[in-house]
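A.B. asks: Relevant sequence annotations retrieved from Swiss-Prot are reproduced here:
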BINDING   ARG61, TYR194, LYS200, ARG322  substrate binding site
BINDING   LYS200, HIS219, ASP256  Mn(2+) binding site
BINDING   LYS200, HIS219, GLY235, LEU236, SER237, GLY238, THR239, GLY240, LYS241, THR242, THR243, GLU284, ARG322, THR448  ATP binding site
Amino acid sequence: MQETGIRNGAFGADKFGLKNLKQLHWNLGAPQLYQYSLAAGEATLSADGALCADTGEFTGRSPKDKFTVRDASTEKMWWAGNQSITPEQFEALYQDFIKHAEGKTLFAQDLYGGADPTFRIKTRVFTELAWHSLFIRTLLIRPETIELDTFVPELTIIDMPSFRADPMRHGVRSQNVVAIDFARKIVLIGGSYYAGEMKKSVFTTLNYYLPARGVMPMHCSANVGPKGDTAIFFGLSGTGKTTLSADPNRTLIGDDEHGWGPSGVFNFEGGCYAKCIKLSQEAEPQIFAASNRFGAVLENVVLDEDSRVPDFDDGSKTENTRSAYPLDYIPNASRTGRAPHPKNVVMLAADAFGVLPPIAKLSPAQAMYHFLSGYTAKVAGTERGLGSEPQPEFSTCFGSPFLPLDPSVYGNMLRQLIADHNVDCWLVNTGWTGGKYGTGSRMPIKVTRALLTAALDGSLRNVEFRTDKYFGFAVPTALPGVPSEILDPVNTWKDKVEFDKTARALVGMFQKNFAKFEAQVDADVRAAAPDVKLAAE
């Protein structure tokens with residue numbers, strides 16, 4: 001086996017069982033990975049030098065194909081939200097991965113998951129594709145070159161899209177598979193070319209290990225103001241985590257995954273993974289610039305045949321087009337990936353029913369209620385099979401697919417942290433106003449940014465609030481520079497009766513979803529629920 005690159009010779013691929021490989025390239029940088037990727041026909045170049053790859057059948061994660069080994073060490077797993085396989089099935093899968101790798105050229109990256117040295121996890125990723133190696137090198141945190149000589153991984157991932165699982169032999173659903181063995185700290189990914197599976201496997205692993213060490217893992221973006229006032233933004237895909245945290249007046253910590261521990265907030269990653277459908281220089285100049293340069297990786301973005309300029313408006317391959325780029329491509333990004341304890345927690349919801357206010361102040365009990373609810377709404381075009389009506393999505397802790405432990409573990413941690421650090425909590429609707437999807441319009445991003453700025457700089461503490469009659473939270477009645485009618489959603493609807501009907505329907509959806517948590521939360525959290533009786537008056 002021919003090996004190239006800087007590595008720990010005393011702890012190589014043989015420690016993982018890999019043998020009889022054709023070649024193994026260790027810790028290559030972007031120029032070399034570009035070269036291998038283009039030579040193999042894996043990807044093409046954009047006009048400005050981004051590496052562009054298609055992921056074929058899978059243009060997003062496949063949560064139904066994700067499995068975890070069930071054994072004595074994982075009895076604390078949240079099995080209601082996770083699928084299991086036996087240790088024997090995983091071992092058969094592992095052996096078949098090892099056999100499948102024989103004779104192939106693989107790429108290895110030694111990386112850190114986590115910017116805090118106390119809590120980071122040393123991660124080794126073997127990939128079949130050069131562009132996947134560049135992707136994960138971009139998304140995780142790269143060690144100093146001198147650290148590679150002695151690097152010993154705690155977590156090992158092997159990612160081979162050409163592998164096909166056998167459902168009968170391996171105990172899985174299809175030929176596509178993501179399998180995690182927490183006891184052995186191994187992740188096996190096969191069948192999918194979608195690179196995001198790798199990064200989310202690291203996130204899932206950190207979600208499993210960190211709570212026991214006093215760190216709350218979070219599916220959120222984070223930034224910090226000039227006075228050291230950190231803000232975190234929870235939200236599901238498409239709600240604005242990446243967009244709203246990229247603020248030229250604040251330092252970006254990260255756009256997707258963070259831990260909140262004894263010394264503050266830290267990024268799990270060293271890169272960003274932005275949705276880039278309809279990306280424009282005018283609306284998101286920082287992300288646009290980062291996506292149009294050497295070192296960026298574009299997934300499923302259509303290029304003009306002649307000019308090779310990306311057409312970010314073209315969703316013909318998928319609405320889930322993506323751009324991966326190093327965090328330092330954002331001019332005001334943190335170089336440490338760390339920040340003080342948050343002063344503000346923001347929960348983002350893209351409410352396609354158009355009844356949530358653009359911003360609301362949450363009590364600590366309401367914050368836990370909305371965190372466990374994890375609400376947003378999907379509309380046609382974001383996923384296959386959606387009709388013309390909005391579909392509510394409740395993804396607990398704003399990250400249900402990545403939670404190995406019971407949601408109450410994360411909810412209780414958040415509540416304690418909010419209390420310990422006297423954090424202000426906000427719910428922000430980045431969805432629709434003036435009617436639901438199809439009738440109303442998208443909440444203007446200028447309005448959202450103005451309200452967020454007022455929340456983060458303390459201006460909203462000095463305004464008058466009303467209590468929302470449907471949801472019970474506090475809503476500002478006026479704010480300089482923001483049209484007052486937009487602050488109360490009913491004023492933006494022509495049909496007030498239809499608004500009332502829609503608002504009460506959404507309240508009912510919240511209540512129905514939260515029923516499964518009622519036995520696990522305190523009375524004040526149950527009391528923080530939207531009140532159907534009040535809403536029905």
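A Cβ is built for glycine as well, from the same backbone N, Cα and C atoms used for every other residue.
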A.B. asks: If you skip the near sequence neighbours and keep only those at least six away, which residues in the chain come within under 8 angstroms of GLY235 (ATP binding site), Cβ to Cβ?
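C.D. replies: The answer is CYS220, SER221, LYS241, MET347, LEU348, ALA349, ALA350, THR376, PHE398, THR430.
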A.B. asks: According to DSSP, collapsed to three classes, what secondary structure does ARG322 (substrate binding site) have?
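C.D. replies: Reduced to three states, the DSSP call for ARG322 (substrate binding site) is strand.
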A.B. asks: Looking at the binding-site residues listed here (HIS219, SER237, THR239, ASP256), whose Cα lies nearest to that of ARG61 (substrate binding site)?
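C.D. replies: For ARG61 (substrate binding site), the closest Cα among HIS219, SER237, THR239, ASP256 is found at SER237.
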A.B. asks: Measuring Cα to Cα, how many Å separate THR239 (ATP binding site) from ASP256 (Mn(2+) binding site)?
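C.D. replies: Cα-Cα, rounded: 12 Å.
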A.B. asks: Between the binding-site residues LYS241, ARG322, where is the Cβ count within 10 Å the lowest?
C.D. replies: ARG322
A.B. asks: Determine which residues of this chain, when ARG61, TYR194, LYS200, ARG322 are set aside, have a Cβ within 8 Å of the centroid of the substrate site's Cβ atoms, and list them as they appear in the sequence.
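C.D. replies: Here the non-site neighbours turn out to be GLY60, ALA195, GLY196, GLU197, LYS199, TYR273, ASN320.
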A.B. asks: In which DSSP state, out of helix, strand and coil, do we find LYS200 (substrate binding site)?
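C.D. replies: Assignment for LYS200 (substrate binding site) reads helix.
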A.B. asks: Non-local Cβ contacts of ASP256 (Mn(2+) binding site) (under 8 Å, 6 or more apart, same chain)?
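C.D. replies: Listed in sequence order, they are HIS219, CYS220, SER221, LYS241, THR242, GLU269, CYS272, TYR273.
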A.B. asks: Fewest other Cβ atoms within 10 Å: which of the binding-site residues SER237, THR239, THR243 wins that one? Let me know.
C.D. replies: SER237
